[in-house]
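*Asks:* This is the structure, below, for whatever I ask next.
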Amino acid sequence: MRVPDRIQTVLERLVGASATERILISTAALVLSILVGAVLVLVAGRMTTCTASEAVYYFGTGFCYDPVVVFDRLFLGALGDPFSGGWSPDGQFSVTLRETTLLLFTGLSVALAFRAGIFNIGTQGQMVVGGMATALLVLWASSLVSGVVGTFLLVPFGVLVGAVFGGLYGAIPGLLKAYADANEVITTIMLNFIATGITLYLVSGAFKDPNSAANQTVPLPDYAQFPTVLFGGRQDFSLVALAFGVVAVGALYYLLEHTAFGYDVRTSGIQPDAAEYGGVDAARTIVASLTLSGALGGVAGAMYVMMILGSFQSGVPSYGFDGITVSILAGNNPLGVGFAALLFGVLKSGTTVVQFATDVPPQLVGVLRGLIILFVAMPEFFRLVGKRVTDTGSKVVATDGGTPGGEADE
Amino acid sequence: MDTAVHLDGITKRFPGVVANDDVDLAVERGTVHALLGENGAGKTTLMNVLYGLYEPTSGRVLVDGAERRFDSPRDAIDAGIGMIHQHFMLVDPMTVTENITLGNEPTKWGGLAVDRAAARDAVVDLSERYGFDVDPDARIEDVSVGEQQRVEILKALYRGADVLILDEPTAVLTPQEVEELFEVLEELTAQGKTIIFITHKLGEAMRAADEITVLRDGRNVGTVEADGTNREDLAELMVGREVLLDVDRPPAETGDVVAAASNLAVEDDRGVRVVDDVSFDVREGEVFGIAGVDGNGQSELIEALTGLTSPEAGRIEFLGEDITGSSRRQRIESGMAYIPQDRQERGLVMNFDLVENALLGSQHSPELGPNGRIDWPATRDHAESIIEEYDVRPPNPDSTSESLSGGNQQKFIVGREFSREPELVVAAHPTRGVDVGSIEFIHERLLELRKEGVAIVLISSKLEEVQGLSDRLAVMYEGEFIDVVDPAGTTEEELGLLMAGERPDEDAPDQAGQSAAHTESTDAPNGGEHA
């Protein structure tokens, strides 16, 4: 009885938190993560050696790394230093938005599957397949059109190709789960390896660019890549792609909340028996939501190829896996994915700034990033601690039951 | 004789409902005390008060003569009270020993590790002392329901219970297991334990209990010695005012066959044939009732009818078309409404609010989900009208269905299903857990639908309900229709015998399987015959 009782009270407390409380707690979590991170930076700075002139001094003690500089670079650096003058849209801010764009799509991909009660770890593989297909088919199509017309035709075409191939690749675990009862966690992980392996084989053999040492396809012509608008092209960021991502956030939100399909998906995810009762075809919903999830992953691959690399290359960064964290951080809510992707984008882009600006080892910056995500993802924990501190155990005494006749326990 | 448990003037109110009204209950040590009453009479509420799950609105709880206040079941357990719920609280993949000791494991190495050997010994000792037949190393998922129940009892004994409350313990058991359970209860009382046993079955109360207290509409209407009473007296105490028989039920004006099943066979997850060669039909304006002890295939039969399981063999027709292979959604769209028996698993999405729940099953309908787009304002109106018409409390469409009491959840489901303008209503326990006033309301609505020419298939564990509402009544036993009778011309005793599997040998022409032969329009003005 004790365990369910406790879970009950935990839930009641969680439910009890108001919106303001939640915002306050999330902010507190961020601040706390920075404080803990600062201590780590100081300790690490104490354990390395540097010249006296390089060191900073706090409380009369010298440290090799300065936490203030580290966090300043991590956040303000990622935003391109908006307060120090000379802010340019084509600077680090573009990098942040570029990362955000890709994480939007992978985050939405994971979130959609999650809402249907499916853990899609395969977004990475779907992205790889979508990216590869985009590179090859756009390359083929780019010989047919060119110039501005080419951009107008090829970019949507490439996104569509990414969506279709990513979607098909997502449909495989969907079909396996719906009709063969195969666990999607295992199938999607395996399909990630298969995607990586097959694309490496293709890109190092049949479709390899003969003029390059790397395992990559022939680069796409410029007119077959995302156009740069407002932001310069130095950082491989396109506002068009970001706008597309924002539209995707809104569209997915609408799909989930305002369509019958979304209702089917949410019902199956939360209570499959009730969904079945309500006439939802479980198998079809699984296949459809994993296909759509895969399509979103595939679009991320298309963006990666047509916005960032300009070709497909083996060794795609782990945007798909980061999408899992983004989605969980967002509570699998499409609108939340927007904010979570931005936070993630800032952290990813800020990391490189920190590495340029300080001697702090990249591993330590990784730890700081991890701390921030961990703390922000656990607001529940902090909310509980906060509550427990406020009402100090009136209930604690009563649980020992006492002996017959001893009713004086309240 | 001394009193183990004394409930003194317990009143428990819920918003809008008085579940217990000034109930006195005294239970002697070392006896089996049956708490008898219809569903919704307040039996479980009263025991939940004793077990610390509810705080009484007024009244006192005395254990061993001392007044106690229980804030949680933990306190009740510490006072030596154990409760075995109708739905077992066991962890399926864990062993019997692990389940019994869970939360109170003997430890070793200063509390760092569970002392598995000591735990096993304790369980073996306990089961030997009370003559229980359990395998301490078996996994719960591998043992029978009867054995799971014994594990629940051992769990309570392991925690030092002197008073055991059993909530409808026989509902899930086979007749043999029921007999075994009663032997266990005898052994426990012989060793000084006290048993309170909640039931709505007269026979079981008479068979197992020393004393019987009857609850009706939340009030104690009498405590009698089991030896000094008879079924007729008990039935009268229990039912009192004959709620169902007061319903104005005009003779059925039956029309065409709406739904028909022929030679239907259904297997459960383990491949056991739980419905075997069942045939029946139901016509416009007719209530076809199916009675039987829970677990004799009724649920599987209606799940096959409503499209939630696919039958192994046989054929289902609806409005003249073969729907054996059609999907659940097709059946909903062609006019089949279904009040499911698991309202919290199937009938409602617990985390959704009532607006979202009002949509369940209609999300693709042209009214609420035209062109795949959900009309939320219309859905909200729909939810509000259900809430108003069926008196769902609290009357707030934004509350989650989880926050509603069971009776209100049920009223909401009934309202939603009845408002589909169905051709066929399949109703499983439509009034389970609903207060008396609403029971009558739901019954009236059911009969209104019948009058409008809707066909109704009704299953209920309440014999009075199926008997009072049905035009024809099939009795199901071990997956077969053992007989189809005219409910007005059959006594409760006769039905009870049929439900226990005794075939009606002298009634040769009215055998099971003949159900397709429609009984003559049941114009018997029902009244007489009850108990």
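From the backbone N, Cα and C atoms, a Cβ is placed for every residue, glycine too.
Features from TrEMBL:
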TRANSMEM  A:23-44  transmembrane segment
TRANSMEM  A:56-80  transmembrane segment
TRANSMEM  A:100-121  transmembrane segment
TRANSMEM  A:133-165  transmembrane segment
TRANSMEM  A:185-203  transmembrane segment
TRANSMEM  A:237-256  transmembrane segment
TRANSMEM  A:286-312  transmembrane segment
TRANSMEM  A:324-347  transmembrane segment
*Asks:* Flag the pair the transmembrane segment (A:56-80) / the transmembrane segment (A:237-256) as in contact if three or more Cβ pairs fall under 8 Å (sequence separation 6 or more).
*Replies:* no
*Asks:* Cβ pairs under 8 Å only, please: of the recorded stretches A:23-44, A:100-121, A:185-203, A:237-256, which one is richest in them relative to the transmembrane segment (A:324-347)?
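*Replies:* Per the Cβ count, the answer is A:100-121.
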*Asks:* Please indicate, using numbers and ranges, the residues of the same chain that are 6 or more beyond the transmembrane segment (A:286-312) and have a C-beta under 8 Å from a C-beta there.
*Replies:* 98, 101-102, 105-106, 108-110, 112-113, 115-116, 118, 120, 122-136, 138, 155, 158-159, 161-171, 173-175, 177-178, 184, 199, 203, 209, 216-220, 222, 224-226, 236-238, 241, 248, 252, 261, 265, 268, 319-320, 323
*Asks:* Near the transmembrane segment (A:185-203), which same-chain residues lie under 8 Å Cβ to Cβ, leaving out any that are not at least 6 residues past its ends?
*Replies:* 119-122, 124-126, 128-129, 132, 169, 172-173, 176-177, 215-217, 312-314, 316, 320
